[in-house]
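Some features that TrEMBL has for this protein:
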BINDING   LYS11, TYR158, MET159, GLU160, TYR161, SER162, GLY163, GLY188, GLY208, ASN209  sn-glycerol 1-phosphate binding site
BINDING   ASP13, SER39  Mg(2+) binding site
Amino acid sequence: MDYTTWRHAFKLDPAKTVTDDELEKLAESGTDGLIVGGSDGVTLDNVLELLVRVRRYSVPVALEVSTVESVTPGFDYYFIPTVLNSTQVEFINGLHHAALREYGHMMNWDEVVAEGYCILNPDCTAAKMTGVETVPDEEDVIAYARMAEHLFKLPVFYMEYSGTYGDAEVVEAASRILENTRLFYGGGITNAEEAKTMAALADTVIIGNIIYTDLKAALSTVEAVKSVSRQR
Ligand code: 1GP
């Protein structure tokens, strides 16, 4: 299933543990895709281990690349974040440049999807790693959304609230801007109601942490997201 039709995705952190039984429930939950990715402790070994395990199922799998060293063939997609509100050039286009110098000649561009990240929780690991110093307000987010949609024509704008539940008004402001660029929402979803709220605003809703603390609640978000459509 093409990632442009994904409504719901689980994000699996290779540095965290899931049992085979839990993984089967996630993969066969009806979710549209699994994203393998994390900010911290991602290695080639733990990415490969998870890849082998998720490949038992037919669900599409994307690797969200956080370190070049952990990239390996075998995924359906490679999601490449560029952090639009980072203060450090390496996270905007520096690592990308280094990777393309080395591997650009052998990349399959049909599998590569650039994500324009807007990090909205300054306390999350991704914010600290990438030098996000201030929380973008609504006007900032609108400007970043326009940057993604019109200036850089990125396929995805990712509102990353990792670890905290987002402000629906701010997500809605971005949603109004984005037409061709798909809106990914991720952060702090712990139940079906929260998932539905963001599913009305975003194209794709991403569920992370709750997988590791309350699997039942995580699984309940699949049906919830699919029961609503993004409002236009
Ligand atoms: C993290 O956006 C995802 O990159 C999901 O966030 O872990 O808070 O669900 P949570």
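For all residues, glycine too, the Cβ spot is worked out from N, Cα and C.
Annotations in TrEMBL come from automatic prediction, not curation.
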In three-state DSSP terms, the structure that GLY208 (sn-glycerol 1-phosphate binding site) belongs to: coil
Packing count at LYS11 (sn-glycerol 1-phosphate binding site) (other Cβ atoms within 10 Å of its Cβ): 19
Entries of LYS11, ASP13, SER39, MET159, GLY208 (binding-site residues) sitting next to ligand 1, with Cβ under 6 Å as the cut-off: LYS11, GLY208
Site extent for sn-glycerol 1-phosphate (largest Cα pair distance over LYS11, TYR158, MET159, GLU160, TYR161, SER162, GLY163, GLY188, GLY208, ASN209, Å): 17
Cβ neighbour count (within 10 Å, all chains shown) around GLY208 (sn-glycerol 1-phosphate binding site): 22
Which listed residue (SER39, MET159, TYR161) has most other Cβ within 10 Å, given these are binding-site residues: MET159
Intrachain C-beta neighbours of ASP13 (Mg(2+) binding site), sequence separation six or more, cut-off 8 angstroms: GLY37, GLY38, VAL42, GLY208, TYR212
